[in-house]
Amino acid sequence: MIRLYLQATKPGIVLSNLMSFIGGFLLASKGRINYLIFLVTLLGVLFIVTAGCVLNNIIDRDIDRKMERTKNRPLAIGSISILTCLIYALICSIIGIYLLYNYTNKLTMLLAIIGLIVYVGIYTKCMKRQSIYSTIIGSFSGAIPPVIGYCAVSNQFDTGALLLLLIFCLWQMPHSYAIAILRLQDYQAASIPILPIKKGIRITKNHIVIYIVAFIVTTILLNISGYTTSYQYLIVTNFINFWWLYLALQGYKEDNNDILWSKKMFIFSIIAITSLSLMMSLDSIFSR
């Protein structure tokens, strides 16, 4: 039974959000880490993201049943109680907000609340089934954890926080569009109006390339603005990011298999954001 409730939290999404949070926190810390604040904020983000994922699963349980990828989720097949999950999400939300309010700062708590509301209330409940632009809204909520990490240290929403928000928003778009192409039939079965369905795969590929270019520019701006200072950051992130762009451009080949290509794009998007978070975390060490 515990395993089923764990599945309802979407562990993969929770883990990726924690990883980006760590990147933002260590970037702002610049080698001077307050381990108590780090641990408490990490737990706060863990509880908030968990709450968001559980609520998302509750709201999406009907469309999850129509999609091959999600049809066996616990809430979709009714193997766990909706009421219990609601209570679970509420408790996680309260604990997360309490930790952030009492041990970090009001800005960090506010960002977490905004991220939760945007993800659950605006993206999942209002826009996901109605608009192709829901992906943009979802990207905002997905970009909040690294900003929380940064602001937990800085206690201000400055240029660094804005750049992190832009970087992770821009990354989410090609990542999500790759999934959309890869799972196109699932989204069609669930009648979700994603870009590849409404505008076509070719247009979606154009968007992917544009967003990756913008992502590359903002990751470089993070260095130009002095928030990262090591040459290792520039070398590693640019190598991986330009390779990601190269893979994106391969999608225009006449003999391209869109399913295989989108799978490669999805996998490489994870490599790109993981390497970015890692290099942000290690930048202060490399800069010594």
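Quick reminder: no glycine exception, Cβ is built from N, Cα and C everywhere.
Lifted from Swiss-Prot, the feature list:
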- 8-28: transmembrane segment (TRANSMEM)
- 35-55: transmembrane segment (TRANSMEM)
- 80-100: transmembrane segment (TRANSMEM)
- 107-127: transmembrane segment (TRANSMEM)
- 132-152: transmembrane segment (TRANSMEM)
- 162-182: transmembrane segment (TRANSMEM)
- 208-228: transmembrane segment (TRANSMEM)
- 229-249: transmembrane segment (TRANSMEM)
- 266-286: transmembrane segment (TRANSMEM)
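Within the same chain, residues 174, 205, 208-209, 212-213, 215-216, 219-220, 223, 261, 264-265, 268-269, 271-272, 275-276, 279-280, 282-283, 286-287 sit at least 6 positions outside the transmembrane segment (229-249) and bring their C-beta atoms closer than 8 Å to a C-beta of that stretch. Counting Cβ pairs under 8 Å to the transmembrane segment (8-28), the top-ranked stretch among 35-55, 107-127, 132-152, 266-286 is 132-152. For the transmembrane segment (35-55), the partner stretch with the most Cβ pairs below 8 Å, chosen from 107-127, 132-152, 266-286, is 107-127.
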